[in-house]
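Data block below; observations after.
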Amino acid sequence: MVGASRTILSLSLSSSLFTFSKIPHVFPFLRLHKPRFHHAFRPLYSAAATTSSPTTETNVTDPDQLKHTILLERLRLRHLKESAKPPQQRPSSVVGVEEESSIRKKSKKLVENFQELGLSEEVMGALQELNIEVPTEIQCIGIPAVMERKSVVLGSHTGSGKTLAYLLPIVQLMREDEANLGKKTKPRRPRTVVLCPTRELSEQVYRVAKSISHHARFRSILVSGGSRIRPQEDSLNNAIDMVVGTPGRILQHIEEGNMVYGDIAYLVLDEADTMFDRGFGPEIRKFLAPLNQRALKTNDQGFQTVLVTATMTMAVQKLVDEEFQGIEHLRTSTLHKKIANARHDFIKLSGGEDKLEALLQVLEPSLAKGSKVMVFCNTLNSSRAVDHYLSENQISTVNYHGEVPAEQRVENLKKFKDEEGDCPTLVCTDLAARGLDLDVDHVVMFDFPKNSIDYLHRTGRTARMGAKGKVTSLVSRKDQMLAARIEEAMRNNESLESLTTDNVRRDAARTHITQEKGRSVKQIREVSKQRNSRDKPSSSSPPARSTGGKTPVRKSSSSSFSKPRKASSPPEKSSKPKRKILKTVGSRSIAARGKTGSDRRPGKKLSVVGFRGKSSSARAS
């Protein structure tokens with residue numbers, strides 16, 4: 001009885017297997033791979049994973065359902081493969097701040113509008129008036145951190161929306177302080193102070209603050225150098241919430257009693273790297289001293305600090321960490337890297353071309369299209385020469401450098417910004433490389449910068465807030481090494497933080513020394529081989545004769561150094577030619593080495609973008 005039941009069970013199982021084996025032949029698209037299962041795995045699509053075979057068999061007649069099932073199965077298998085990959089281990093040094101910044105970068109992908117960042121309706125109304133809907137990367141990272149009342153450093157490339165990244169949350173925090181703590185607007189007692197290195201940047205930040213003040217309901221004033229003090233004093237005597245200005249002028253108003261520290265709760269240093277690079281450190285310390293003393297009191301709630309920067313070198317970062325202990329660094333993925341929406345062209349000048357004529361040929365196509373162009377020079381003399389040459393060729397220009405008075409610089413910027421004006425070209429120095437929000441289509445570097453940081457600031461004048469731009473650099477012979485290194489770093493999407501002319505030359509010199517050492521070792525080995533080969537007797541010499549009537553033995557390669565051979569020739573005569581040969585060959589190798597060392601040029605060849613599709617060298621010929 002038991003044997004019969006086993007036979008019936010085996011027949012039923014074999015028939016079922018035979019039936020299922022025929023299904024893939026009838027429906028080829030049902031041929032699925034054998035699923036793989038891993039421990040501790042939770043399927044992405046549980047409904048597809050738990051579907052039984054009878055259900056699939058009953059829905060065979062519905063092709064859409066079968067395609068849907070196959071799609072789910074493929075997704076499940078893809079998820080299995082991804083889960084099987086080992087997780088990438090991060091280095092142990094990357095902890096703390098970088099982990100939190102990476103978390104914020106990941107959450108940035110999920111943020112599609114400003115409402116998800118927790119902004120109030122008042123602030124959202126200001127954004128709607130500005131027609132800004134999607135936050136940038138620095139805004140997704142910075143707004144939540146500032147709203148958590150943390151002291152942070154916001155690092156992102158120029159034109160990425162850093163001003164709104166700190167203004168929006170600070171305005172909302174001031175409104176919350178009014179509701180929770182009963183703080184009100186008072187004369188001469190601002191609650192927020194924004195320090196900027198230049199008057200132009202102060203005016204730019206002030207315009208952004210005024211644009212959102214109508215909906216957010218706060219009052220801001222501008223206090224910067226180059227303007228009369230009396231109107232600023234009258235503005236400070238009114239009820240104020242925010243003061244935007246330069247450090248020197250704000251300290252002057254504090255010393256004269258026009259402004260007090262008592263209610264300052266939020267401090268912003270815009271373009272902090274520029275402030276520390278240009279010697280604003282003593283003024284910043286002088287401004288911070290009363291705030292730090294006030295924060296030591298038991299009843300005081302302290303103040304929140306926000307530093308904003310487009311570049312952050314190691315020296316400036318060390319200084320920031322010393323002055324603002326415990327501050328948190330938040331950086332975007334584009335910091336110290338090229339702007340993705342800008343095209344970078346490097347024109348190599350061999351020395352025979354006229355550099356001013358080359359500049360004119362670069363400008364003509366852009367000016368014919370009606371584009372706005374900025375021409376950067378390293379010195380005042382170079383800027384004057386460019387301005388004079390372009391004026392002689394009927395190209396209207398305006399200047400922006402240190403010798404132009406502040407009021408005249410403002411007028412020149414207005415002429416350059418005017419869409420209907422006749423001054424589409426701005427000839428400037430690095431004074432215009434930072435803090436100016438201009439709609440520039442083309443940036444031309446008549447003089448190549450001395451370091452990569454200045455290159456980044458110059459290129460940041462174009463391709464701002466997602467717009468497209470173009471950057472053209474005229475590279476002379478002395479700047480080719482740095483230009484080649486910058487071009488290589490941008491091609492590999494590397495950071496340009498520590499690239500300077502001195503560093504690149506130092507690295508090239510080290511590489512050259514290493515190559516010369518290797519070449520010297522190789523030449524010494526060749527000399528030793530030649531010496532050994534000359535010391536050996538030629539193959540035509542007669543073989544050594546044996547004594548005592550023994551059978552002669554064929555001479556091997558080592559028999560030339562046998563004792564009978566050495567005895568037949570005096571040692572004095574054999575040693576002198578050796579020294580002479582060694583000395584002659586050595587002097588020849590030293591001369592050859594000196595010749596190759598002088599002819600060799602270190603550095604990588606540039607990819608030349610010539611004028612109008614032709615290389616500059618071909619044009620010169």
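Glycine residues also receive a Cβ, built from the backbone N, Cα and C atoms like all the rest.
Database features (Swiss-Prot):
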MOTIF     112-140  motif 'Q motif'
DOMAIN    143-330  domain 'Helicase ATP-binding'
BINDING   Ser156, His157, Thr158, Gly159, Ser160, Gly161, Lys162, Thr163  ATP binding site
MOTIF     270-273  motif 'DEAD box'
DOMAIN    355-505  domain 'Helicase C-terminal'
REGION    497-621  region 'Disordered'
COMPBIAS  503-537  compositional bias 'Basic and acidic residues'
COMPBIAS  555-572  compositional bias 'Low complexity'
Is the motif 'Q motif' (112-140) packed against any residues at least 6 beyond its ends, judged by a Cβ distance under 8 Å, and which are they?
-> 104-105, 147, 154, 156, 160-162, 164-165, 168-169, 171-172, 175, 211-212, 214-217, 332-334, 465
Applying the rule Cβ within 8 Å of the centroid of the Cβ atoms of Ser156, His157, Thr158, Gly159, Ser160, Gly161, Lys162, Thr163, what extra residues of the same chain belong around the ATP site?
-> Thr136, Ile138, Ala165, Ala310, Arg464
PLDDT averaged over every residue in the domain 'Helicase ATP-binding' (143-330) | 92
Quick one: among the binding-site residues Gly159, Gly161, which has the most Cβ atoms sitting within 10 Å of its own Cβ?
-> Gly159
Does anything in the same chain, at least 6 positions from Lys162 (ATP binding site), have a Cβ under 8 Å from its Cβ, and if so what?
-> Ile138, Gly142, Leu154, Ser156, Asp270, Val308, Ala310
So His157 (ATP binding site), by the Cβ count within 10 Å over all chains shown, scores 25
What is the total of other Cβ atoms whose distance to the Cβ of Ser156 (ATP binding site) is within 10 Å?
-> 24
